[in-house]
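Just below is one structure, and these are the notes that go with it.
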Number of protein chains: 4
Amino acid sequence: MSKKVTKIGVLTSGGDAPGMNAAIRAVVRTGIYNGLEVYGIMRGYNGMIEDDIFHMDNKSVANIIQRGGTILKTARSKEFMEAAGRQKAYENLRKRGIDGLVVIGGDGSFRGAQRFSNEFDIPCIGLPGTIDKDIAGTDYTIGFDTAVNTAVEAIDKIRDTADAHDRLFVVEVMGRDAGYIALHSGLATGAESVLIPETRTDVEDLISGLTEKEKRKKLVNLVVVAEGDEMGGGSEIGKILKNRLPNMDIRISILGHIQRGGAPSCQDRIIASRMGYHAVESLLSGRHNVMVGIVDDKMHYIPLDTAVKEKQAFTSDWLKIIKILAS
Amino acid sequence: MSKKVTKIGVLTSGGDAPGMNAAIRAVVRTGIYNGLEVYGIMRGYNGMIEDDIFHMDNKSVANIIQRGGTILKTARSKEFMEAAGRQKAYENLRKRGIDGLVVIGGDGSFRGAQRFSNEFDIPCIGLPGTIDKDIAGTDYTIGFDTAVNTAVEAIDKIRDTADAHDRLFVVEVMGRDAGYIALHSGLATGAESVLIPETRTDVEDLISGLTEKEKRKKLVNLVVVAEGDEMGGGSEIGKILKNRLPNMDIRISILGHIQRGGAPSCQDRIIASRMGYHAVESLLSGRHNVMVGIVDDKMHYIPLDTAVKEKQAFTSDWLKIIKILAS
Amino acid sequence: MSKKVTKIGVLTSGGDAPGMNAAIRAVVRTGIYNGLEVYGIMRGYNGMIEDDIFHMDNKSVANIIQRGGTILKTARSKEFMEAAGRQKAYENLRKRGIDGLVVIGGDGSFRGAQRFSNEFDIPCIGLPGTIDKDIAGTDYTIGFDTAVNTAVEAIDKIRDTADAHDRLFVVEVMGRDAGYIALHSGLATGAESVLIPETRTDVEDLISGLTEKEKRKKLVNLVVVAEGDEMGGGSEIGKILKNRLPNMDIRISILGHIQRGGAPSCQDRIIASRMGYHAVESLLSGRHNVMVGIVDDKMHYIPLDTAVKEKQAFTSDWLKIIKILAS
Amino acid sequence: MSKKVTKIGVLTSGGDAPGMNAAIRAVVRTGIYNGLEVYGIMRGYNGMIEDDIFHMDNKSVANIIQRGGTILKTARSKEFMEAAGRQKAYENLRKRGIDGLVVIGGDGSFRGAQRFSNEFDIPCIGLPGTIDKDIAGTDYTIGFDTAVNTAVEAIDKIRDTADAHDRLFVVEVMGRDAGYIALHSGLATGAESVLIPETRTDVEDLISGLTEKEKRKKLVNLVVVAEGDEMGGGSEIGKILKNRLPNMDIRISILGHIQRGGAPSCQDRIIASRMGYHAVESLLSGRHNVMVGIVDDKMHYIPLDTAVKEKQAFTSDWLKIIKILAS
């Protein structure tokens with residue numbers, strides 16, 4: 001039987017995502033409400049190793065639910081991948097009596113947590129925080145909804161100028177391994193084509209589609225590319241199209257890091273709050289070393305070590321719908 | 001066996017909702033792609049009765065996916081509730097050969113569609129378009145996600161001034177019969193309390209909670225009220241609180257119609273596009289007189305006459321989470 | 001000759017306005033850069049009286065330039081209007097050696113500062129911070145540009161639903177004594193009429209204009225009313241119009257406190273930064289007891305006691321332009 | 001004495017800018033109000049040459065004041081630079097009796113208009129429409145305020161992730177010849193340094209400043225670069241900094257074309273409306289071949305051929321203020 005948790009640490013790790021602050025707030029306040037002491041750990045696992053840990057109360061998380069970024073900062077930690085680093089980290093927890101951990105981050109962060117928990121018997125709970133939405137065991141990840149809305153608003157602006165000049169824009173959105181941001185933002189902005197890592201890009205098909213639309217004098221032409229598409233990102237695709245379609249006025253836009261920031265959307269704040277609440281409930285109820293997800297709008301728990309990156313099998317009809325609706 | 005549909009009409013009916021234009025676009029382009037002729041009907045059922053109907057092509061819906069409102073305008077129609085009105089409407093469809101209808105609106109509009117279909121054997125498909133999200137048979141309704149995000153952004157601004165002056169704000173959001181907007185926007189903005197029609201408002205509990213927070217000098221105090229709360233809307237609740245808490249600086253804000261407008265969110269554009277696409281697919285495949293919904297991220301069809309207003313059984317832990325996280 | 005200033009206090013007073021944080025940041029960092037010690041005073045003059053004063057360094061104002069509200073909070077202070085209150089305030093400054101003051105607020109706050117300076121020989125500098133823009137001696141006040149943009153974005157959303165339903169909306173914006181917000185937001189959103197305190201509202205003219213537009217089936221009809229119009233705010237005007245135009249579908253929207261919050265616009269951050277910088281420069285150079293304004297894009301200084309509320313003589317052609325452009 | 005104008009054409013030319021639609025609306029409606037016939041000309045001077053000209057009424061410009069882009073589309077026209085092209089353009093105007101022209105664009109477009117007017121005695125009025133703000137004879141150009149606010153909102157998002165990861169971001173904003181967007185957005189977002197074409201970039205000074213801030217562990221580090229800086233744009237500056245500061249985590253973001261689109265700000269709508277109104281007034285009153293500007297908030301007219309690109313002598317204290325406030 002697992003011993004009772006009394007003091008917990010919370011940290012954000014890996015790439016930042018809007019809504020992480022809402023998750024931190026939920027963990028801290030639910031912890032305190034349940035009589036736990038809560039500690040903030042700075043810069044992911046680095047703060048554990050470097051002993052950058054501080055006591056948090058209800059006020060520590062006041063007025064942050066609406067803020068982008070993370071008040072605990074975040075980082076990837078090389079040292080934590082080595083046994084010596086994890087040992088140091090453990091000692092810094094032990095000297096404060098911290099006996100539970102909530103890790104907000106991606107699959108890499110979860111693997112680290114699992115290993116740490118195996119070695120030192122500190123139960124860990126993972127919350128999926130990544131704008132890329134490519135984690136198994138949950139329908140939502142914290143930050144995705146904000147990131148796609150940021151992408152959509154940016155592409156809406158690009159539409160205005162594309163339309164005014166009758167230009168074709170190739171827009172690159174984030175997504176090194178996953179095409180979710182591209183797929184959602186492309187469908188939502190009426191792109192002709194969406195190029196993603198999950199499917200093979202058929203350049204001839206793309207070109208013949210654009211040529212046909214050119215002939216019909218369609219108003220706005222957008223191609224949305226995930227940065228990790230197997231043919232290359234926006235710059236590569238743009239180069240190919242310019243080469244093959246020399247009579248078109250083609251421009252390239254790389255949306256970049258704006259997709260990581262900004263006030264979180266309503267949905268990201270809500271799932272972060274719910275997940276944070278249930279992370280503490282899990283620690284208290286002895287459901288340890290799990291990732292807290294939401295599936296079909298119900299809380300869902302999977303062992304931390306199975307929370308790997310996943311290419312969700314999005315219904316293949318999305319690409320078909322995109323094509324038909326852009327006609 | 002149902003006869004083949006060849007010409008369809010599309011209309012928006014009842015209260016408007018952001019994303020209706022994305023749905024219209026999807027219906028029009030999917031229809032044309034499948035060889036149908038598509039007609040736009042103005043101002044809901046009124047346009048059918050008054051013969052305000054026009055032919056649409058792919059360009060008719062260019063550059064509207066990102067627009068709030070509805071290019072077909074919307075209205076409630078008294079005349080359509082009477083047999084004579086529906087008869088006139090039918091004749092206007094018949095003279096053009098329109099033999100299928102897509103109705104984007106709420107439960108009242110669906111009942112009208114069902115009755116019309118029963119009388120004249122014109123198959124109808126309903127798409128749930130309402131910011132209130134209170135329709136059975138679907139997890140999403142077109143417009144809800146945009147409306148809650150608008151409410152959240154407005155309340156974020158109110159937080160700024162509430163914090164600067166140490167004031168308590170009572171904010172009224174839309175929702176005559178349903179508390180979804182209040183519940184989501186309240187959880188997302190860290191409100192102390194959310195008052196909704198679905199639960200009995202306990203004023204004494206509300207007042208003791210606010211008094212306790214006053215003592216702890218909590219920074220921001222927000223109460224979010226659905227307009228249809230059984231104790232009254234923002235003005236009534238505000239009056240009660242001012243009366244009972246004379247030492248607090250209490251202000252009231254009624255968010256009002258801003259919640260109905262604005263560019264639709266990514267999610268509303270996506271569900272509207274998917275629903276519009278599948279509305280035409282349903283007409284073509286002979287699945288008639290259904291509402292197209294999405295349940296657990298899969299398309300879901302229910303008979304039009306069962307698509308009534310529904311108090312979705314939201315997990316009661318939401319109100320508990322709101323209370324704990326606002327501590 | 002004035003003695004040299006070495007330690008300064010900064011406070012925000014009266015109604016809050018977006019951009020106040022940018023002004024605080026500029027005062028603090030310009031002060032420190034010039035070798036001064038800088039103290040933050042909480043809740044306007046109340047903090048001086050209640051000794052709620054704290055030392056500030058460069059980090060105290062990190063990451064606030066983009067925040068609405070004011071980290072120093074704000075209030076109106078009754079006690080400071082009495083000699084005993086000002087005496088207490090002075091003693092709290094003196095015990096820290098604070099020998100200069102920067103007050104960010106409106107004309108009422110400036111009169112208090114002038115009186116205080118007369119009594120205790122502490123030089124004061126005023127920065128005009130009010131969303132109402134009604135202060136003599138400056139073309140800009142901190143917060144106005146953000147407030148009108150918030151009003152414009154809200155009215156844009158209302159336009160969407162007004163257009164969808166062919167409704168007339170009466171929208172009330174802030175402005176108890178001044179019509180600037182109404183005039184700017186009304187011109188920018190294509191309102192038919194703008195009702196402001198500075199001009200007599202001609203109801204017959206308003207009604208005949210709306211009637212004529214009704215006949216022409218103009219798409220969107222908006223009337224923007226300043227809350228301080230001499231005929232009453234949005235509710236009163238709405239009532240009159242509903243009474244006189246019973247066939248129109250008329251709705252009322254009171255924008256309210258959302259106009260006070262939100263991230264400041266680029267312009268508000270810039271004028272706040274420039275004014276804050278020059279406030280400290282003024283204290284250092286012995287130009288005391290002035291309000292720092294900007295006139296024709298140049299810094300402009302007027303004695304604090306002349307910085308009264310002013311109905312700026314806005315060119316009367318604005319109302320004419322609004323009328324012609326809404327045709 | 002100039003003959004009376006009776007039919008006018010309006011066009012947008014050169015790079016597009018938010019607010020152009022508000023200007024078109026003002027020209028059309030003021031023209032019609034004064035009894036003129038108004039024609040829209042598509043794609044700048046190209047539409048004149050290709051006879052793509054259409055009659056406009058009040059409804060042609062309904063519901064566009066809030067839209068980015070330009071409903072008349074825009075382009076640069078090579079053919080119009082040659083006598084044969086202008087001759088064709090003239091004939092297309094003459095056959096409709098168009099005897100006056102309003103050109104919304106930049107200095108290049110104005111030179112074309114002047115030449116055309118010299119050759120064919122068609123009076124032309126220029127309205128300064130460019131996000132770059134680098135035109136002599138006016139304090140405002142249509143589009144600048146929207147573009148800087150877009151840049152500021154994007155950089156605010158980048159700040160969130162920069163802060164979360166302790167990264168230095170080099171952000172490139174638009175401005176091929178002018179640093180206004182960089183200067184305004186840099187001051188408004190608290191950048192350490194702003195690199196602009198108007199001043200020589202001192203790399204050593206930049207590096208020593210960043211090194212010093214690194215030591216003080218300043219939270220957010222931003223360098224804003226105008227694309228036309230004489231040392232190169234964001235990519236070049238980023239490369240140099242990465243090379244010289246190998247221990248810093250440095251990222252580059254090119255904001256790109258999002259700066260050209262989006263709903264215009266309140267200010268851009270207002271100046272566009274005022275300028276459009278006065279363009280028609282100028283044509284009617286015989287004040288021909290001028291650019292309509294606003295200087296010190298008053299309408300200001302300069303001969304079209306003097307409306308050249310201008311490096312406005314912005315007060316050199318801005319760069320100093322930026323440096324001090326970023327400490």
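Note that the numbers count up from 1, one per residue, in the order the chain is shown.
Heads up, the Cβ atoms here are built off N, Cα and C, so glycines get one too.
Feature annotation from TrEMBL assigns active site, proton acceptor to C:Asp132. Positions annotated as ATP binding site by TrEMBL: C:Gly15, C:Arg76, C:Ser77, C:Gly106, C:Asp107, C:Gly108, C:Ser109. The annotation ADP binding site is assigned in TrEMBL to C:Arg25, C:Ala26, C:Val27, C:Val28, C:Arg29, C:Arg159, C:Gly190, C:Ala191, C:Glu192, C:Arg216, C:Lys218, C:Leu219, C:Val220. Look at TrEMBL and you will find C:Asp107 tagged as Mg(2+) binding site. Taken from TrEMBL, the feature substrate binding site applies to C:Thr130, C:Ile131, C:Asp132, C:Arg167, C:Met174, C:Gly175, C:Arg176, C:Glu227, C:Arg251, C:His257, C:Ile258, C:Gln259, C:Arg260. Here TrEMBL flags C:7-282 as domain 'Phosphofructokinase'.
Overlay of TrEMBL feature records on the structure.
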| residue | record | Cβ neighbours (10 Å) |
| --- | --- | --- |
| C:Gly15 | ATP binding site | 23 |
| C:Arg29 | ADP binding site | 27 |
| C:Arg76 | ATP binding site | 19 |
| C:Gly106 | ATP binding site | 24 |
| C:Asp107 | ATP binding site | 22 |
| C:Gly108 | ATP binding site | 17 |
| C:Thr130 | substrate binding site | 25 |
| C:Gly190 | ADP binding site | 27 |
| C:Glu192 | ADP binding site | 22 |
| C:Ile258 | substrate binding site | 25 |
(message) Sub-8 Å Cβ contact with chain B: please pick out which of the binding-site residues C:Arg29, C:Arg76, C:Gly106, C:Ser109, C:Arg176, C:Gly190 have it.
(response) none
(message) I want the residues beyond C:Gly15, C:Arg76, C:Ser77, C:Gly106, C:Asp107, C:Gly108, C:Ser109 whose C-beta is within 8 angstroms of the mean position of the ATP site's C-beta atoms, in chain order.
(response) C:Ser13, C:Gly14, C:Gly44, C:Gly105, C:Gly112
(request) Could you check which of the recorded positions (C:Val27, C:Arg76, C:Asp132, C:Lys218) sits closest to C:Arg260 (substrate binding site), going Cα to Cα? (result) C:Asp132
(message) I need the nearest neighbour of C:Val27 (ADP binding site) among the binding-site residues C:Ser77, C:Gly106, C:Gly108, C:Ile258, using C-alpha distances.
(response) C:Gly106
(request) From the recorded positions C:Gly106, C:Gly108, C:Asp132, C:Lys218, pick the residue whose C-alpha lies nearest to the C-alpha of C:Met174 (substrate binding site). (result) C:Asp132
(message) What whole-number value in Å do you get for the largest C-alpha pair distance within C:Thr130, C:Ile131, C:Asp132, C:Arg167, C:Met174, C:Gly175, C:Arg176, C:Glu227, C:Arg251, C:His257, C:Ile258, C:Gln259, C:Arg260, the residues recorded as binding substrate?
(response) 33
(message) Counting only residues 6+ away in sequence within the same chain, which have a CB under 8 Å from the CB of C:Asp132 (active site, proton acceptor)?
(response) C:Gly106, C:Thr141, C:Phe144, C:Met174, C:Gly175, C:Arg176, C:Asp177, C:Ala178, C:Tyr180, C:Ile181
(request) Quick one: pull the CA-CA distance for C:Arg76 (ATP binding site) versus C:Gly190 (ADP binding site), whole Å only. (result) 36
(request) Measure from each Cβ of the binding-site residues C:Arg25, C:Arg29, C:Arg76, C:Ser77, C:Gly190 to the Cβ atoms of chain D, and list in sequence order the residues where some distance is under 8 Å, or 'none'. (result) C:Arg25, C:Arg29, C:Gly190
(message) If you count other CB atoms within 10 A of each CB, which of C:Ser77, C:Ser109 wins among these binding-site residues?
(response) C:Ser109
(request) Take the C-alpha atoms of C:Lys218 (ADP binding site) and C:Arg251 (substrate binding site) and report the distance between them in angstrom, rounded. (result) 17
(request) Select the most exposed residue of C:Val27, C:Met174, where exposure means the fewest other Cβ atoms within 10 Å, treating these as the binding-site residues. (result) C:Met174
(message) I need the most crowded of these binding-site residues: C:Arg25, C:Arg176, C:Lys218, C:Arg251, C:Arg260. Count other C-beta atoms within 10 angstroms of each C-beta and give me the top one.
(response) C:Arg25
(message) Whole-number answer please: how many Å between the C-alpha atoms of C:Thr130 (substrate binding site) and C:Gly15 (ATP binding site)?
(response) 7
(request) May I ask which of the binding-site residues C:Arg25, C:Gly190, C:Glu192, C:Arg251 is closest to C:Ser109 (ATP binding site) if we compare their C-alpha atoms? (result) C:Arg25
(request) Based on DSSP, name the secondary structure state of C:Arg251 (substrate binding site): helix, strand or coil. (result) strand
(message) Can you tell me which of the binding-site residues C:Arg25, C:Arg29, C:Gly190, C:Glu192 is spatially closest to C:Asp107 (ATP binding site)? Compare CA atoms only.
(response) C:Arg25
(request) With C:Gly15 (ATP binding site) as the reference Cα, tell me which of the binding-site residues C:Arg25, C:Arg29, C:Arg251, C:Ile258 is the closest one. (result) C:Ile258
(request) For the domain 'Phosphofructokinase' (C:7-282), would you mind checking the mean pLDDT of the predicted model? (result) 96
